[in-house]
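According to Swiss-Prot, the protein carries these features:
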- 20-40: transmembrane segment (TRANSMEM)
- 71-91: transmembrane segment (TRANSMEM)
- 93-113: transmembrane segment (TRANSMEM)
- 134-154: transmembrane segment (TRANSMEM)
- 168-188: transmembrane segment (TRANSMEM)
- 199-219: transmembrane segment (TRANSMEM)
- 239-259: transmembrane segment (TRANSMEM)
- 263-283: transmembrane segment (TRANSMEM)
- 288-308: transmembrane segment (TRANSMEM)
- 337-357: transmembrane segment (TRANSMEM)
Amino acid sequence: MLYWLTNLSDGGDFFNLFRYITFRAGGAFFTALLFGFFFGRPLIDLLRRKQKKGQPIRDDGPENHFSKAGTPTMGGLLILAALTIGTLLWARLDNGYVWIVLLVTLGFAAIGFADDYAKVTKQHHAGLSGKVRLLIGLCIAAAAGAAAAWLHPAALSGELALPFFKDALINLGLLYVPFTVLVILGAANAVNLTDGLDGLAIMPVMIAAASFSVIAYMVGNANFANYLGVHFVPGTGELAVFVAALIGGGLGFLWYNAPPAAVFMGDTGSLALGGALGAIAVVTKHEIVLAIVGGLFVVEALSVIIQVLYFKRTGKRVFLMAPIHHHFEKKGWGEAQIVIRFWIIALILALIGLATLKLR
């Protein structure tokens, strides 16, 4: 919205700054951060009054989780409000890619909110029906994939870009939209599975998002794209503003989610943020790189898949408990120890993912 102030510029004054993505990204970051700081406590107090008993704790979970009883959930609302306000104020609203990612984020947030609401009202860990969640998420992801394919340059529409290889594309044809559904749904649910300890999910999400802000800026700039040998996707640089707002809102949330958490993100936040990462990967044509940058989420999701399949086949478990962060809890690792080590892993994987920009 504030980008339109450039119409008041004569080319050398303050209003000219609004032309620059980096300036507006900084504005979006601080807007979202301050929103999170100032409105975090009032939101937590409101959630505590409305939810009374807070998020239900599983009886079969790690014993130390029983001390978290009464902690309110749906804290993802704080991140979502902050990033939405930051994006609407500072991003170019005539950019279709921004709207795709923002609407995917809010769509998955709505699914998560309904799920959290069901859990809180029934005081049971089983919320919204899995089939309903899957169906709505599939529709949102399919619409996003189709919109991205329509907006992409003709030479890239329906194509899958391969990292490490210059100008390597695989034409997916009619399989492109189903593939984008897999990416977006997979990312949303993987982040959702990771959100099981105080502060565990939000930092890796911000790290992955920061990595994709660099990717979006590079592939959206013809000079950088040509230098790095990546595919040029005009307009994606504007997603750096969205990501900056996400990180600002995420930090504001982490202020209250740091151990011991005063509020949980809930499915409201985890599904939304995962969906956002998936949508950004699709828009920037770096879907495979997301599996590297977000490798921590992949491992968490795979641990659940392996556990379920192995148990159905043998009646035994591979892990003491899945997702894998609970396995380490059962082995005696402290919560802070697990969280910080997973943050370190997320940072290392993000750096490896960014290296794919040049290694080709």
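For all residues, glycine too, the Cβ spot is worked out from N, Cα and C.
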Six or more residues beyond either end and a Cβ under 8 Å away: which residues meet both conditions relative to the transmembrane segment (337-357)?
163-164, 197-200, 203-204, 207-208, 210-211, 214-215, 218, 228, 230, 259, 289-290, 292-296, 325, 328-329
Looking only at the recorded stretches 20-40, 71-91, 93-113, 134-154, 199-219, which one has the largest tally of CB-CB distances under 8 Å to the transmembrane segment (239-259)?
20-40
So, does the transmembrane segment (20-40) come close enough to the transmembrane segment (288-308) to give 3+ Cβ pairs below 8 Å, pairs being at least 6 apart in sequence?
no
For the transmembrane segment (168-188), which stretch among 20-40, 71-91, 199-219, 263-283 has the most Cβ pairs under 8 A?
263-283
Can you tell me which of 20-40, 134-154, 263-283 gets the most C-beta pairs within less than 8 Å of the transmembrane segment (93-113)?
263-283
Can at least 3 Cβ pairs under 8 A be found between the transmembrane segment (71-91) and the transmembrane segment (134-154), with each pair 6 or more apart in sequence?
no
State the non-local partners of the transmembrane segment (263-283) in its own chain: residues 6+ outside its ends, Cβ under 8 Å from one of its Cβ atoms.
40, 43-44, 47, 55, 71-80, 97, 100-101, 104-109, 111-113, 115-116, 127, 137, 140-141, 144-145, 148, 180, 183-192, 194-195, 201-202, 205, 208-209, 212, 216, 233, 236, 239, 242-243, 246, 250, 253, 256-257, 289-290, 294, 297
